[in-house]
Amino acid sequence: MEDFVRQCFNPMIVELAEKAMKEYGEDLKIETNKFAAICTHLEVCFMYSDFHFINEQGESIVVELDDPNALLKHRFEIIEGRDRTMAWTVVNSICNTTGAEKPKFLPDLYDYKKNRFIEIGVTRREVHIYYLEKANKIKSENTHIHIFSFTGEEMATKADYTLDEESRARIKTRLFTIRQEMANRGLWDSFVSPKEAKKQLKKDLKSQELCAGLPTKVFRRTSSALRILEPMWMDSNRTVALRASFLKCPKK
């Protein structure tokens, strides 16, 4: 799984995920599924924001990289991808500027067009189940929730999907590609099922002839790994570094 992640995701995303796991003492060589999940969530957040701007009339527009209008204001403020201190600083600034209610938990994005925070979810399970879990945790009508699955399904608060159909299709296609590439490498079942992940981990450890004292237990504790990424101020140039992430994963 680790090799797959390094091949499939943009190096910047991989580096951010590595730092996140290291900060919380999580070994990416053991918790490879979490490593893949963090990278996937980061990429979806970036793809959600990329190419979306607000013009001088306050209208939301989609702009490609080579368009001179790329200096326009980004429609979305990316909160995910920053360390906690920086992230809360951004949230507080947004609240002070827009009058938005401060969320209890760090959201992933802020939508300047619809003036609301957004929580992005990527699930390997049923979208409605994950949506309800998110809603029960957040317990706020002021944070918009948008859930994507690896099967092309999605669910959003009040069926308001925020983005245009083409932008959402791009995200769904990327997630489906990740699933297919995992399946081609025999990784998908273990990514979905903790029991299968444990079996795969033991198999990998045995094949690599690692030391006998290395833990083989798959940890399933909940952490804030997604919230402690390094500061990464997003500007109009960020899409250049991320564009490679949108390409299909290289075949084995």
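Each Cβ is built from the backbone N, Cα and C atoms, and glycine gets one as well.
For the recorded site, LEU28 (site 'Important for efficient shutoff activity'), the DSSP three-state label reads coil. The annotation site 'Important for efficient shutoff activity' is assigned in Swiss-Prot to LEU28 (among others) on the grounds of similarity to another entry.
Swiss-Prot lists LEU65 (among others) with the feature site 'Important for efficient shutoff activity', giving similarity to another entry as the kind of evidence.
The active site annotation in Swiss-Prot covers GLU80 (among others). In this view, GLU80 (active site) is surrounded by 24 other Cβ atoms within 10 Å of its Cβ, with every protein chain counted.
Every protein chain shown contributes to the tally, and the Cβ of ASP108 (active site) ends up with 25 other Cβ atoms within 10 Å. Among the features that Swiss-Prot reports, active site is placed at ASP108 (among others), with the record citing similarity to another entry.
Taken from Swiss-Prot, the feature site 'Important for efficient shutoff activity and nuclear localization' covers LYS195 (among others), and the record attributes it to similarity to another entry.
If you look up Swiss-Prot, you'll see LYS198 (among others) marked as site 'Important for efficient shutoff activity and nuclear localization'.
The site 'Important for efficient shutoff activity and nuclear localization' annotation in Swiss-Prot covers LYS199 (among others), and the record cites similarity to another entry as its basis.
Marked as site 'Important for efficient shutoff activity' by Swiss-Prot: LYS202 (among others).
As annotated by Swiss-Prot, site 'Important for efficient shutoff activity' applies to LYS203 (among others).
The annotation site 'Important for efficient shutoff activity' is assigned in Swiss-Prot to LYS206 (among others).
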Long-range Cβ environment of LEU28 (site 'Important for efficient shutoff activity'), under 8 Å and at least 6 residues apart: GLU2, ALA17, GLU18, MET21, LYS34, PHE35
